[in-house]
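Okay, structure first, notes after.
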Amino acid sequence: MTMTLHTKASGMALLHQIQGNELEPLSRPQLKMPLERALSEVYVDSSKPAMFNYPEGAAYEFNAATAPAPVYGQTGIAYGSGSEATAFGSNSLGLFPQLNSVSPSPLMLLHPPPPQLSPFLHPHGQQVPYYLENEPSAYAVRDSGPPAFYRSNSDNRRQSGRERLSSSSEKGSMAMESVKETRYCAVCNDYASGYHYGVWSCEGCKAFFKRSIQGHNDYMCPATNQCTIDKNRRKSCQACRLRKCYEVGMMKGGIRKDRRGGRMLKHKRQRDDLEGRNDMGPSGDMRATNLWPSPLVIKHTKKNSPALSLTADQMVSALLDAEPPLIYSEYDPSRPFSEASMMGLLTNLADRELVHMINWAKRVPGFGDLNLHDQVHLLECAWLEILMIGLIWRSMEHPGKLLFAPNLLLDRNQGKCVEGMVEIFDMLLATSARFRMMDLQGEEFVCLKSIILLNSGVYTFLSSTLKSLEEKDHIHRVLDKITDTLIHLMAKAGLTLQQQHRRLAQLLLILSHIRHMSNKGMEHLYNMKCKNVVPFYDLLLEMLDAHRLHTPVSRMGVSPEEPSQSQLTTTNSTSSHSLQTYYIPSEAESFPNTI
């Protein structure tokens, strides 16, 4: 039996409107819903309200006299929770629910991509209209229920997050690139590829220096040893290029401290952890550490060093036996002195004395127990001080004169022929007079000379680019041994305790003046080298350049750019020797070749 609805005309009109908007009806599976009342009670007259019980048990009222709020918008259809019409579906006839059909779960929601809906709060049982703003129609199926009124697209959020991340990473990479500093080769001013042999250099200069120190290449400059070395002319002269490498500080052992191998870093971390655990007491508190470490906890100490077991008399005897022989100069009395001739005599004499100094240092008790790096480091720092204290000692018996060699005795007036030499002469003469007044003994002299050697490089400058000493503890113990020997000599001479303290302080204070004279002399020698007044021999040149690496640039009287502009002439003399040749032959490969 078919019932005729009173609102059929209005339902047909609404159906034509939907078809005009080209909206396809939703197809849903038909679910059987048991009705609690007869059909006649469901379809009621439009003049009175109708009641219908849904499965949720909620009662809904529809007033046909009042124009119902449209569920369908102009541009789309939306079904959402809280809407009575959308909770159970609508048929093509309008607002009345379709018989024996409910909305399945999950619910289906048709909405624009940005669902800009305008919900209105309402009391329970009242229909809620949804006004879709003027947005293009789109459809999306939502699997979760119940659907929310507004839910942003998670794909859009993820995409925007990826865009923000990529943009931030691009900004970060640009910032890192801006922070990176462009470095140039210290030899030829080309772009540097890294930190090689102690300086920033390019691949070409790195490979050239590597070939030069591995092979025995005797480069000869075809001109005057003044060739310009830059990016375009670095291959024109190998001799000047190698000279430039040494001037800027390239050396065979020059490596960055952070470039050590992973195994070395692992062992260092393990050693540091072990030391940290040893420093912790039983209760977890740090043990109190003394300013001067105890001999029982000193690390890297040569416990079996013969020097530490020597008596004071044995130490003095060993130091006296290690003294180098006297060296005669090439002075010709028939030739008058000039700036070039005097500097030539002094540099030649100093170059030959350096060879004997190396042999003397190896015979100083405790010095031979150090590793090769520390031995070279101490000699490079103290070589001019050792030469000066020897000159002062020889000149004690010649007031007003300096005995450079048995056949070369110079006074202050003769030193005036060399620019800047008079000031150094005066300081040397004053120190010699001080030694003469104190009646310095030969045993005290050899002790002071050894103290200068061992104490020169213990406290390096912070601005030094070279590695500091590795066995400082052993050096300190040998210094203490020699100082005790010096005190023993004073006590043996019959001085009282107060006189011993006073004399020891006076002698050690003189060492600071010798250090000052050494710095003045180093500055003078470097100026002579830059002016090309006299040719410098290989070993002397190597020691001069090495001393400048241990000294801050501000200490020297020249700017750091001068080494690259200096005019240097080297003499390949048979009497000149390199430190690598005469120091320790078995480990000579650890030193770079000189020019």
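Here the Cβ of each residue, glycine as well, is placed from N, Cα and C on the backbone.
What Swiss-Prot lists as DNA-binding region is 185-250.
Look at Swiss-Prot and you will find Glu353, Arg394, His524 tagged as 17beta-estradiol binding site, backed by similarity to another entry. The DSSP secondary structure for His524 (17beta-estradiol binding site) is helix.
Look at Swiss-Prot and you will find 154-165 tagged as compositional bias 'Basic and acidic residues'.
Positions annotated as compositional bias 'Basic residues' by Swiss-Prot: 260-269.
Here Swiss-Prot flags 564-578 as compositional bias 'Low complexity'.
What Swiss-Prot lists as domain 'NR LBD' is 311-547.
Summarising the annotation, Swiss-Prot assigns O-linked glycosylation site to Ser10 (among others) and lists similarity to another entry as the type of evidence.
Here Swiss-Prot flags Thr571 (among others) as O-linked glycosylation site, drawing on similarity to another entry.
Taken from Swiss-Prot, the feature region 'Modulating(transactivation AF-1)' applies to 1-184.
The region 'Interaction with DDX5' annotation in Swiss-Prot covers 35-174 and rests on similarity to another entry.
Residues within less than 8 Å, Cβ to Cβ, of Arg394 (17beta-estradiol binding site) and separated from it by at least 6 positions along the same chain comprise Leu403.
Within 10 Å of its Cβ, the residue among the binding-site residues Glu353, His524 with the fewest other Cβ atoms is His524.
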